[in-house]
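Asks: When I checked Swiss-Prot for this same protein, it listed these features:
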ACT_SITE  335  active site
ACT_SITE  337  active site
ACT_SITE  342  active site
ACT_SITE  663  active site
ACT_SITE  665  active site
ACT_SITE  670  active site
BINDING   190, 374, 408, 724  Ca(2+) binding site
BINDING   335, 524, 663  1,2-diacyl-sn-glycero-3-phosphate binding site
DOMAIN    1-130  domain 'C2'
DOMAIN    330-368  domain 'PLD phosphodiesterase 1'
DOMAIN    658-685  domain 'PLD phosphodiesterase 2'
């Protein structure tokens, strides 16, 4: 049967199954009184496999899109009555329902039921009993499953490609946290912005864009807190200083983060920290050079002090199999990066306080402080002498000199009702893993800390509407509902006896589907939609990187090509994932990335050919990385030692170049909507039951791309980022969807790549945006550039290589 595109939303309900055969029991599907008698004997004498747990899954061909809870001791007629809200962007001929029996290791299939996709396309509701079949599609006795489905095609969605549209836009539906109004958002590029770096960027209402300084603001927020300081991090390092700009000194700014937190705790401020407990240090990855998280050092530093620092492992939910539990606890992380404090009200005379939160990609640890100059060598005797970070070379050290690894990141400050949602997230996590109940009871401080309330008037043109999203499950957050019905009401997804918040992925999908003109993404990783990859040397169904984001982006571009409209997707990623670039883990991730790009370009080139358009697919979807190259200056830091000869380190030092590490997790849509958080575009971050993540999504209701382009803070922020990356501004950058803009940006980035990769070094790079070094053939196949099999100064393949020993669950 031919496969058809399901692109939209599938509402599905699995009610019950009937007359199942139980392979675990000698009683099989015998009459109930016989089954009970035989199973009682089995349990008494210790034969058989004990209590039977039955669950059902939903697949679009080989892509898993839903899973019920387990029903215990009802192996013949289990009743689930569970409903699913499924975003789909899949080619499929059938919706497949599989009934399984759970085992301590893995599961046993009872059979599968099939509903042809063709029957769903008219959008009518189908309520039906389906035969459960064996692998030969033959019915398994009288076994049946009762399901209900209705498909809503994305093209019939009144919000498809319409943008935010209205100040009444309610936010992303079916989520744990609702959208909040009357908020204020501060956007940060990198940990610091030097004075006078950003040129004049005009905004609406005669205003100009004003940059903000993340670590200075966090320093002030912690310093001025009077009641609470709550911090979560993948890594928190006590020895860093937050204030380092000699042109912008602050009283007490030379204190380390650890000393500052101890000082505040000794003053009576409740300081609670949840730092990821790197239990195994993910041995395979660690060996390849990923940075140590300092978790043990941080815990030891605060031991015996007034600071309550808890190392929390990424514990599984209570429901997984032995293998699943082991995978979660050893392979996945707590990745949220938040700071929550009480803060003075804007009118200084008041004694009342409010909650302010910080959310984004920046951990409070070493290697993160940087500015838009992203110097490789010129700060090694000052800002970065005691904060030298270079995990891509096995033996790198300040003694051997640069290049250091520059760090590009994005963060945000949230004020108003949204800040309280970040606080609630911390409280849920602390109650689950924090141990002692040390959370401040804010209702007891209601005279001092005002409850959630707007910080901007509705008529203020700078107001924001903001929504909080997460990837997290009941193993990491306290108080999730126990039943699928209650979970659905709370905007959560129920799985095989686990409750999951997967709203970050939902937020990305929702924003992409609404997009009208362009999308700009910066992310540390870009891989996924593996169900649509070509099966070259792999079985796509074995990879498990099932999130929809790359496929949604490709389908958005395809829809615009078919409609004869312009649309451009810009994606900035690191040159390679942090670590030794030749290592198995880095090469495996690059291989997944290449397959993801190729899947997207294949869709786009097929759409262009179908319309008879001869065009470069990079005019519609284009990838970049960041890098720097510096000529040697007099008076530069002189290292005491030399790198080992003929190594990546020595070659990079000689060539005076290195990548700028893109650690950001951000998407801008039409200059009107922005997502910032900790979540990468990979399955680990988007799954919900793997790495724990947090993100905000927001817009300014008075600055929407309705009748004219949006010119609010999000536009100014994108233009500031483009100035940082390109080293210039141009009027054409105000129309990113236009052919003129994308071709100009691509030309500049190709020129910068040629300068970066050249054997000659005549001058500093004028900008940092480099065209990602791949070619795209007319059929969408991603190729090496001529003479560019390896990244400069390395023996690391640009297109990556499939790993024979690294499990996909770890690298995807």
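Even glycines carry a Cβ here, placed using N, Cα and C.
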Asks: Cβ under 8 Å, sequence separation of at least 6 from the ends of the domain 'PLD phosphodiesterase 1' (330-368): give me the contacting residues as numbers and ranges.
Replies: 188, 191, 214-215, 217-218, 221-222, 224-237, 239-240, 242, 257, 274-276, 278-280, 282, 291, 293-294, 312, 314, 387, 389, 391, 405, 407, 409-415, 418-420, 422-423, 425-426, 429, 448-450, 452, 455, 468, 476, 524, 663-666, 676-679, 684-685, 690-696, 809-810
Asks: Over the domain 'PLD phosphodiesterase 2' (658-685), what is the model's mean pLDDT?
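Replies: Within the domain 'PLD phosphodiesterase 2' (658-685), the model's average pLDDT equals 98.
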Asks: Same-chain residues six or more away whose CB lies under 8 A from the CB of residue 724 (Ca(2+) binding site)?
Replies: 189, 190, 372, 768
Asks: Specify the nearest of the recorded positions 374, 408, 663 to residue 335 (active site), where nearness means the distance between Cα atoms.
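Replies: Going through 374, 408, 663 one by one, the closest to residue 335 (active site) is 663.
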Asks: Considering only the recorded positions 337, 342, 524, 663, which residue has the minimal Cα-Cα separation from residue 408 (Ca(2+) binding site)?
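Replies: Result for residue 408 (Ca(2+) binding site): the nearest of the recorded positions is 663.
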Asks: Using DSSP reduced to three states, classify residue 337 (active site) as helix, strand or coil.
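Replies: Note: residue 337 (active site) is coil by DSSP, not helix or strand.
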Asks: Roughly how many Å separate the Cα of residue 663 (active site) from that of residue 524 (1,2-diacyl-sn-glycero-3-phosphate binding site), to the nearest whole number?
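Replies: Cα-Cα, rounded: 5 Å.
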Asks: Of 337, 342, 524, which is closest to residue 374 (Ca(2+) binding site) if I measure between C-alpha atoms? They're all recorded positions.
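Replies: Among 337, 342, 524, 524.
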Asks: Between residue 665 (active site) and residue 524 (1,2-diacyl-sn-glycero-3-phosphate binding site), how far is it from one CA atom to the other, in Å?
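Replies: Computed Cα spacing between residue 665 (active site) and residue 524 (1,2-diacyl-sn-glycero-3-phosphate binding site) is 7 Å.
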Asks: Select the closest residue to residue 524 (1,2-diacyl-sn-glycero-3-phosphate binding site) from the following active-site residues, measuring between CA atoms: 337, 342, 670.
Replies: 337
Asks: For residue 342 (active site) and residue 670 (active site), what Cα-Cα distance in Å is obtained after rounding to a whole number?
Replies: 34
Asks: Of the residues named as 1,2-diacyl-sn-glycero-3-phosphate binders, 335, 524, 663, how far apart in Å are the Cα atoms of the most distant pair?
Replies: 13
Asks: Rounded to a whole angstrom, what is the C-alpha distance between residue 670 (active site) and residue 337 (active site)?
Replies: 26
Asks: Ten-angstrom check, please: count other Cβ atoms within 10 Å of the Cβ of residue 670 (active site), all chains counted.
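Replies: Neighbour count, Cβ to Cβ under the 10 Å cut-off: 25.
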Asks: State the three-class DSSP label for residue 724 (Ca(2+) binding site), counting H, G and I as helix, E and B as strand, and everything else as coil.
Replies: helix
Asks: Using the centroid of the Cβ atoms of 335, 524, 663 as reference, list every other same-chain residue with Cβ within 8 Å of it (recorded 1,2-diacyl-sn-glycero-3-phosphate site), in sequence order.
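Replies: Those within range, site residues removed, are 234, 361, 525, 664, 665, 678, 680.
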